[in-house]
């Protein structure tokens with residue numbers, strides 16, 4: 001594919017947790033390549049991500065993943081306008097691998113380095129999938145470590161309206177799935193088991209917090225499920241795993257939808273976008289689709305491949321930083337506890 005000198009080609013690199021990913025994006029909307037090296041099978045035997053193992057895997061695979069992305073895009077570093085990389089939040093060792101690699105590549109190629117907040121990256125997956133998105137909009141970001149409601153007035157202009165106070169939705173899903181013996185990562189396993197279950201078999205609590213709050217809390221529902229399972233075990237009773245999974249999923253989705261609708265009513269945002277790993281949950285998509293259609297609100301969500309951690313979303317967020325000339329300094333460092341500012 002010929003390269004036009006006027007094209008803005010961005011290489012995106014993602015290594016915040018257990019996926020080593022790189023993608024080449026042209027002009028913010030044309031994905032030329034997208035490579036993901038997943039570590040799920042490596043970590044499954046441990047029941048979760050082992051940070052030291054994750055960072056070693058990134059070291060082993062980053063160079064080849066980037067080379068594959070460039071080869072598939074039929075480009076070299078000289079064809080790139082900039083290199084975008086996740087610098088937080090995430091596992092510090094994993095982040096350092098990506099940041100160090102991106103800095104070396106960008107410096108060697110003489111092109112800008114673009115630091116991307118991993119959480120922003122998830123939200124910007126929607127701009128890749130739906131380039132026609134208009135502001136203002138509300139974003140519901142739900143992943144393994146984060147649950148946020150964010151109001152966007154424009155690129156780089158946003159306000160966090162609510163966030164998790166304890167366990168994020170994805171974290172709760174992982175812990176319950178592990179206890180049920182369903183496997184890792186928990187979200188897809190809970191969803192699959194729930195298909196055969198009764199979502200009203202158990203009435204698990206919904207933590208709405210104080211009136212009007214847009215924050216989330218999922219530690220209570222997680223604990224309620226674990227207590228139910230422990231109680232049954234102590235009594236020698238069996239539980240229907242599908243019913244527990246379905247009832248638990250129902251409680252999680254119910255809270256997410258109710259809080260999101262409250263935020264939409266408060267902000268009067270005409271558009272809602274869904275992002276993060278839990279955004280791949282079918283029930284959550286269906287409930288939000290139904291609710292937004294009733295209210296005349298536009299609703300966008302990316303395909304599952306763009307919901308989990310990936311380089312394409314980082315390239316997309318990096319593209320908009322490039323347009324604003326918001327380049328990262330060469331002393332950019334990993335910030336594992338980075339928040340949405």
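Every residue, even glycine, has its Cβ placed from backbone N, Cα and C.
Sequence annotations record features per position, and here Swiss-Prot assigns Fe cation binding site to 118, 122, 309. According to DSSP, residue 118 (Fe cation binding site) sits within a helical segment. The number of other Cβ atoms within 10 Å of the Cβ belonging to residue 118 (Fe cation binding site), over all protein chains shown, comes to 26.
Taken from Swiss-Prot, the feature substrate binding site applies to 141, 142, 143, 144, 145, 174, 187, 281, supported by sequence analysis. Around residue 141 (substrate binding site), the C-beta neighbours below 8 angstroms that are at least 6 residues distant in the chain are 119, 122, 123, 147, 148, 149, 150, 275, 276.
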Mapped DSSP class for residue 281 (substrate binding site), helix or strand or coil: coil
Binding-site residues compared (143, 281) - the one with the fewest other Cβ atoms within 10 Å: 143
Proximal but sequence-remote residues of the same chain as residue 187 (substrate binding site) (Cβ under 8 Å, at least 6 apart): 170, 173, 174, 177, 277, 278, 280, 281
Helix, strand or coil at residue 143 (substrate binding site) [DSSP, three-state]: coil
Sequence-distant neighbours of residue 145 (substrate binding site) in its chain (C-beta under 8 A, six or more apart): 89, 168, 170, 171
Length of the line joining the Cα atoms of residue 118 (Fe cation binding site) and residue 143 (substrate binding site), in Å: 11
C-alpha spacing of residue 309 (Fe cation binding site) relative to residue 143 (substrate binding site), in angstrom: 10
